[in-house]
Amino acid sequence: MDQPVNPADIHKAIVEQQKIQDRKKLMVNGVLLLLLLAAPFVMYPVFLMKILCFALFAVAFNLLFGFTGLLSFGHAAFLASGGYTTGYLLSNFSGLTTEMGIIAGTATATLLGLAFALLSIRRQGIYFAMVTLALAQLVFFFFVQSEFTGGEDGMHGIPRGELFGLINLEDNLNMYYFVLVVFIACYLLVQRIVSSPYGQILKAIKQNEPRAVSLGYNVDRYKILAFVISAALAGLAGSMKSVVFQLASLNDAHWHMSGEVILMTLVGGMGTLLGPVVGATFVVNIEYQLSQGPLRDWVDPILGGIFVLTVLAFRSGIVGELQKFMRKNLG
Amino acid sequence: MTMIFGVPLAVLSGQLLIGIINGAFYALLSLGLAVIFGLLKIINFAHGAMYMLGALVTVVLFDLLGVNYWVALFVAPVLVGAFGMLIEYFLLRRIAGQDHIYSLLLTFGVALIIQGVLTNIYGVSGLRYSMPDMFKGGINLGFMFLPYYRAWVIVVALLVCFGTWFIIEKTKLGSYLRAGTEDSQLMQGFGINVPLLVSLTYGFGVMLAAFAGVLAAPIYSVTPVMGSNILIVVFAVVVIGGMGSIGGAIITGILMGVIEGLTKTFYPPASSAVIFLVMVLVLMIRPTGLFGKEA
């Protein structure tokens, strides 16, 4: 026998449910944060920082690919331009504090991102991918030819310097917590962007662009902004990376790097917030583990195999598949 | 000595020749990409790897079995084309109908695998392949020296390009191909085996790449990574020419080779970047490319 249902009760139940969900999320995030804070005491901080830098790079890329549906095959250009700018400034102007170098690197990548966006935004899908790839190659050749990058040798011995002129970053722990703070801030920023009305419009563009146009949105402007934010964050990742490793090299500008960030995002789960972080952790670890063992020469083909497998079999990536699994089995 | 804009004529024409030869390779490769893209809507990121395979198979066949150049010119593309059809059948077919981006990512993975495995076997230092005796030497044109082999490359590449264009645009088979991609269900209703047609088209595009590889074997250094960098240039050529335009790919390919050669003569540092610069300019003025139709 059906009881008459009071709408207020349903509402209450939903709110209750939401609260439980929120609490769960808060707990998960809290645990993750504790782990990240404790990690450098268990693992080598430089390795952790490498993961964080690539995770930020992948998060930046995912904002564009996963949430807006634009596949950029040229993100290496932003990583490298951020890294080179920061490296050049910190190496040559000793008066600069580290954060100013990083800000300048990020700014360079942002401007470059704007230029890329203006040139490529009218194209869609794979055309877009190819245009961004070719533009990034142009940047690559610029770096190859330029004196200040050190060409094939790369830029070595970039001083880590002092943060705000106060905190000595030569110390790995200090450096780690600085990178961690920047990473978390960027992650929260992307989370905020994605859940904002602006983020909803980006998702709408991804799902059905003509519809978004017919609703009166100036789609190009939204896409350009997403591209620029993504480029800026990628540049920030590159800037930090060059400070952490005290090195900026052509590797970061090569198109293989653009492919690698796609792999990270895809493996982790594109269009999810945590996916790129998981993917970057996974890929950096695999590369490291392989390079230590007997398979050290087989890194590329193995990554290629992971690529093929991901595209064929589990396109939603690690996080996406986990979410599906939980929804199915745990309600 | 005759000078043109402060450059000796012999140097200029030499660079022009190299430009035309590079252009012939760009044309063959971008033609294959354009065929695969135009008819199947697949961005074949493995195209550079297939080009490399063509060259490598030629060298390996010669070293192991003593297969000569002329046989390799047919056998290598057929072998590599068959390999391409296997990739189409076992991998690409599974993601047909999905977003085109996935085909790009899948073939990118395939290229990484092929290149990585072969790098482990053959290293990156480059394999030696000597050109057939009849091509040794050349002819003195008065203002420049034209090696026979380079002349042969230009002629045969142009013939193959023209033949491909003719088949696709002017013959009945070509019309089937074009119709099959327009509306595959209707074509199947007419009793045409569309999946087979798709396999063959992919195989044919790959064959063109491998053919370019065989042509390249005697003059370029044959290494497992030789396809990786030329691929990006070819992508730029395809973007400039207008995606999916068969004739556009051929003309743009040769044009870009010449422009590259000229840049090498007058301002060498920009020579590897000039094609990408042209691409940026073309995109600003004509976003659909020089010969492209759709937006």
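Cβ coordinates are placed from backbone N, Cα and C, and glycine is handled just like the others.
What TrEMBL says about this protein:
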- B:12-37: transmembrane segment (TRANSMEM)
- B:49-67: transmembrane segment (TRANSMEM)
- B:73-92: transmembrane segment (TRANSMEM)
- B:104-129: transmembrane segment (TRANSMEM)
- B:149-168: transmembrane segment (TRANSMEM)
- B:196-220: transmembrane segment (TRANSMEM)
- B:232-259: transmembrane segment (TRANSMEM)
- B:266-285: transmembrane segment (TRANSMEM)
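If you look at the transmembrane segment (B:104-129), the same-chain residues 6 or more away from its ends with a CB under 8 A from one of its CBs are 42-49, 52-53, 55-56, 58-59, 62, 87, 91-92, 95, 217-218, 221-225, 227-228, 231.
For the transmembrane segment (B:266-285), the residues of the chain that approach it from at least six positions outside its boundaries are 5, 7, 233, 236-237, 239-240, 256, 259-260, judged by C-beta separation under 8 angstroms. Of the candidate ranges B:12-37, B:49-67, B:149-168, B:232-259, B:49-67 has the most C-beta pairs within less than 8 angstroms of the transmembrane segment (B:196-220). With a threshold of 8 Å between CB atoms, the same-chain residues lying at least 6 positions outside the transmembrane segment (B:232-259) that come near it are 16, 19-31, 33-35, 37-38, 47-48, 161-162, 164-165, 168-169, 274-276, 278-279, 282-283, 288-294. Long-range contacts of the transmembrane segment (B:149-168) within the same chain: residues 17, 20-21, 24-25, 27-28, 31, 35, 39, 131, 135, 138-139, 174, 177-178, 208, 211-212, 215, 218-219, 246-247, 250, each at least 6 residues beyond the stretch ends and with a Cβ under 8 Å from a Cβ of the stretch.
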